[in-house]
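Accompanying notes for the structure given below.
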Amino acid sequence: MSVVGIDLGFLNCYIAVARSGGIETIANEYSDRCTPACISLGSRTRAIGNAAKSQIVTNVRNTIHGFKKLHGRSFDDPIVQTERIRLPYELQKMPNGSTGVKVRYLEEERPFAIEQVTGMLLAKLKETSENALKKPVADCVISIPSFFTDAERRSVMAAAQVAGLNCLRLMNETTAVALAYGIYKQDLPSLDEKPRNVVFIDMGHSAYQVSVCAFNKGKLKVLATTFDPYLGGRNFDEALVDYFCDEFKTKYKINVKENSRALLRLYQECEKLKKLMSANASDLPLNIECFMNDLDVSSKMNRAQFEQLCASLLARVEPPLKSVMDQANLQREDINSIEIVGGATRIPAVKEQVTRFFLKDISTTLNADEAVARGCALQCAILSPAFKVREFSITDLVPYSVTLRWKTSFEEGTGECEVFSKNHPAPFSKVITFHKKEPFELEAFYTNLHEVPYPDPRIGNFTIQNVFPQSDGDSSKVKVKVRINIHGIFSVASASVIEKQNLEGDHNDAAMETEAPKSEGKEDVDKMQVDQEEGGHQKCHAEHTPEEEIDHTGAKAKAPPSDKQDRINQTIKKGKIKSIDLPIQSSLYRQLTQDLLNSYIENEGKMIMQDKLEKERNDAKNAVEEYVYDFRDKLGTVYEKFITPEDMNKLSAMLEDTENWLYEEGEDQPKQVYVDRLQELKKYGQPIQMKYVEHEERPKALNDLGKKIQLVLKVIEAHRNKDERYDHLDPAEMERVEKYISDSMNWLNSKMNAQNKLSLTQDPVVKVSEIVTKSKELDNFCNPIVYKPKPKVEAPEDKAKTGSEHNGPMDGQSGSETSPDPPKGSSQHTDSGEMEVD
């Protein structure tokens, strides 16, 4: 079973795997542990990762990058429209209203949904993992920003399915970093001690996230998390780009922003300059050759200028830090350490802002690039039954409060209940009880839209079906289980109706007692029900019910029973209670239909097959080209002696014609055409190659056979001379060996004489394979006879027995060590020196 963690970044991706007792970040086919989040589509194939990044400038309109923020959003979303201005490729509205990318692929304009684009990238990462692990990969854990909403999370899950991956968990990036930090710590406080509080700061290319986590031995709890989804390394790049665009407009009279290719080149150079300024405070040059209109441009920048330029961005670093401390109810002195990850945290001014706020040094013990992927791989290992991992519990949180809304029966009023508050532990389940006589609908939405970086608060609608009144006409008691699952996604997990069946003989008593709660008010029966008597818009607060569950431990929190609950329990005992599961119809916001998802999966399979066929075609073409260059080079050197001048001229012309064909009409041919062309060349080239190989290897093969013949001849000569080493060999068998060796020598001499009479351009009389076969036959025939071991000479048994009889003690010697046991009944000395007498 594979254990893979994937850091699905905005700019780059990392893959970590669990193997050899640890976590290892793996490299791709370019020996690079970092795979760019880029997909370039061409007329015949796709390039993904490093190959696609090299085409960002050359294939501007069809190279997709920077698409992570488009997940789960409609085309009309303000964020999508903002990103649209930044992106050099075209965005398109899909039939379901979501955002798609319009590119040219296989010589036609085609739209791709964001789930398909991310699916392509994940499929590439899957392939890289399989190449490293040498086995299929299916299960994985994928990282996402902690601020992703339900729609965005479901979109990433769909992309994983498109790639053929089974995502065991969508893990918040800061939580993954916390796991990578905490699981190896041996000095964490025990469970009964005060936890160690650590702040994790992650500023990547597009977003800034902060979380506070409490650590005990074998336990991690996320206390609070804050973020700025619109602050990252690319904002600092944009500040530099805007500065140089203005400068070049004044200095060179060119408008860079009108030329997308030039703008991309400037972005690349500004990113390099930003990284150089992080390590160097002096003036640094910016030089770009043939930038626009054949102009070479140049400028310079230093760190002080850069920090002044980005002052407004640096001012946004502190507010999330203050917010996370307020939410966690912690002071600066409560923080044990501050860990930073993400590429943008390498900017000295960002580090300075963090240090100034916490008044303590920051720690850089974690790998800023790979910590998220390593944390995901650890989580995958914890979830996998194939790996034994140190026990470590992880409690994440809900970043936004979630509220349920439903219609009441009184004048079409509505009821509301906040089921999960902000920073509520997750994964978590709650059971809510409703009193209803008919099917009803629950609407889930984010309570405070101003806290959510998403324009629509809706999560989804859930219809509880098959709800009917009780047999006595009363409302049915419907228990609804709501859940924030391991992926951080809200759902209505199940619903059931409690059906009361009165026992015979107790009908009147039961009826009276079931009415008692009604007179006391239905709120007393259940903490989360709607007061039907008050119409209009009302709110109630969700309280912990006895059914409330914490998923990661499986324990249930039991509430102490009240007096009223005791009376209800007595009523239940007098009646038969039956729980019936109810069907739930879910309508989730921005959820892909199963048919659409299946079509995406099918299309991805077709594109993978197209890539495979194109690779095979290119490999066949490259094989022809390689053969032409290699053979032509050897034809003028090592093969020259093995071909006649006429044949050489003919073959040289054929090679030259093939080379010209490759760059003309043979530029774009089916795979089989290249295979046939290579076979045609080999038909003429292989005989020459064979003569050369035979000529090179024949002397060694002949020498080996000659040595073996000489060794056997020496044994035959020694046997004739009555050498005692071979006097055990059978004379008849030795005669057979002598005859075999004589025949072998005659065969060898005749073949060598015949070969010496031939020129190098002629086919050999004897092949190396025949000589090797002859050598093996000689070994098989002669060796069992001439190397038969001498029989061992055994000493006579009588002498051995005689010797053993005289090895005992002589008269007068002590024979205590070998004396036999005394007979029963006779007296003997004991260890204590006493004598036993009968």
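Keep in mind that glycine also has a Cβ here, set from the backbone N, Cα and C atoms.
Note that the structure is a prediction, hence the values are computed from the model and not measured.
Note on SER40, SER579, SER599: Swiss-Prot annotates phosphoserine at SER579; no matching annotation appears for the rest, which is not proof of its absence. For the residues THR545, THR644, the entry in Swiss-Prot flags phosphothreonine at a single position: THR545. Annotation for SER74 (phosphoserine): same-chain Cβ neighbours under 8 Å, separated by at least 6 residues, are VAL80, GLY97, SER98, THR99, ASP456, ARG590. On a Cα basis, SER579 (phosphoserine) lies 93 Å away from THR761 (phosphothreonine). Sequence-distant neighbours of SER579 (phosphoserine) (same chain, 6+ residues apart, CB-CB distance under 8 A): LYS479, SER496, VAL497, ILE498, GLU499.
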